[in-house]
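Reviewing the structure listed below.
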């Protein structure tokens, strides 16, 4: 019979909780002692013989526990409700605490509130539930599932309460130390949306771990499970009751094929995608042939790493704030840090100076504050626009890289109405920043070598490529250095191949001015004011066009990019005039310029160019003079490099500090490879043939040279001022004519303060020109 008892126990022993299992083992031992006297199965009699002597002591013990937990509930509740934040009692302070529960109650409340925050008030509720459970015939509150559910629920609640105030300059977090630590950890990996999702999911899991049967058990007491356990072998009707908790498992197994079906869906879509991607390879359109264009997916770019660097912990920010106030006090400046704005690269501390303190005194302390805070450089914004504070921007010890994929995957970028949206980077608070080139309408970029200027230029180009089709935006790229923009050659967005010859660049800019004039004529015929209105009118006409009507197509935007303006102006000095004309007039017809240079000197960024480029972007430069040249203000010399920039918004004098998006050469190569597979570029032959007009201009220059030579020989004077007065030409053109005369032996070389000698007569000059014509 003992073997039978063991067999009866085996399939059911894992079900009861641990405390009840020990009680059941004692009942089974007593049943085995009276086995000789029982003729019926031991299960039924053992139930009757074992329950009667065992239940009374257990119930009495549980009642005592319930009373203890009830008293503990009242004690905790009073301690928490009457706790004062100012008191930090110890056991040695007799009667010092104002808490009704005394020093011990104040100490317990202090620990709970500081560690768990407002979630500490859930502990009296938990002890109350345990107290109620102890008065039940079969308590369940001490199971491992319930303990795990309670722990997980408390942890997630602490994190949720700490999320809204994380980073604020407050002494305590609503979720306590535990919630602040958890929220900081989650935000560093998942940001705010992912953190909230994880914490709410944890609460749901905690609810399942707590087991709904436990809460129902408190309201509707069930029968003792011991008779059920003992009567199961003899009464088949009780089997479904015991197996009820396991009845959901076969249902879950029936649903197992569903994930397999879900796995098969991506395979089908992936197959279709590969087929669609293989079409451009099989039928690559030739130049000038139309093709179906699909915008490149963001997956062509590298995914940002999961682990991101942050400005620091709350304690480090508070420490820096105190050090900042102390350093200001050392120089006799009273001020208080009233706000902290941590970001991916820098942290801005907003200092409110005391009444009577001049802002200029704080500005002059940038080097001293950098020394006190052990920072590379500090930039002071005095005052912060719209606030009565001074912003002190301190570099973070560990900086976060801003990735282009983070920007183009945002809804703001995807739904931006402009075809010329630029994913610039992130501001000092870590928020994505986008700009519209159509509203600037031109952009001037400057920065020293290695400051991130070229990377930013590539990110601006790629952001347009990710957002616009070749029918909407066309590019003219000028690369005098022959290194940076060659990767974009033969993409379908190009209007002409990447220009590397400075003379061809001058011709391309000259064609752009002619195209600007042509487009103004088209807009005037249509009776519209800008290219956006014209394209909208064309689309409306296409929807309701009459039979036999002349087909009209929308005009694409044209973006002209010059990678190194200084090299271009050094070799082809004639580019300044078309650049100036385009900057002044090309906005309305959809032609926009992006000029970049690493030498922002006054001979490159002339006053005429700077006046027509209200939007300017500066990376780190070598001196304050260069900063004032590009931005009309100091500050660019204090930047950190690697994409750290100051952006001058058009129409304002406010400098916005941004951190440019990072883009690798491999990512650019993947993007251009995708674009080249979509189709070949449809080059505009008029741009390529514009050099014929350049030859005509050379013929005009030859005629001007002859006239200038006769003027010099007849007047006996070879000077630039003479040619400028005689022919009303610029200084550079007159100087070039003098150099040509020196090369041809008409005049002597430069002699310093003495005038040049005239080496030929009028007759000799006639003979030379006659011989040259033959």
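Backbone N, Cα and C define each Cβ position, glycine as well.
Note that TrEMBL annotation is computational and uncurated.
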### Which listed span TrEMBL calls transmembrane segment, if the choices are 26-44, 45-63, 197-215, 216-234
197-215
### Query
Counting Cβ atoms within 10 Å across all protein chains shown, which of the binding-site residues 449, 451, 454 comes out on top?
451
### Summary
Taking the centre of the Cβ atoms of 447, 448, 449, 450, 451, 452, 453, 454 as the ATP site, the remaining residues of that chain with Cβ inside 8 Å are 598, 619, 620, 641
### Message
Let me make sure I understand the structure: which of the binding-site residues listed (447, 452) has the fewest other Cβ atoms within 10 A of its Cβ?
### Response
452
### Query
Same chain, outside the transmembrane segment (172-190) by at least 6, Cβ under 8 Å from its Cβ: which residues?
113-120, 155, 157-166, 197-199, 306-308, 310, 313-314
### Query
Which ones in the same chain are close to residue 448 (ATP binding site), with CB under 8 Å and 6+ residues apart in sequence?
598, 619, 620, 621, 622
### Task
Would you mind listing, in sequence order, the residues at least six apart from residue 450 (ATP binding site) in the same chain with a Cβ closer than 8 Å to its Cβ?
641
### Message
Restricting to the chain of residue 453 (ATP binding site) and a gap of 6 or more, list residues whose Cβ falls under 8 Å of its Cβ, or answer none.
### Response
445, 446, 447, 596, 598, 619
### Query
Helix, strand or coil: which one is residue 450 (ATP binding site) in, per DSSP?
coil
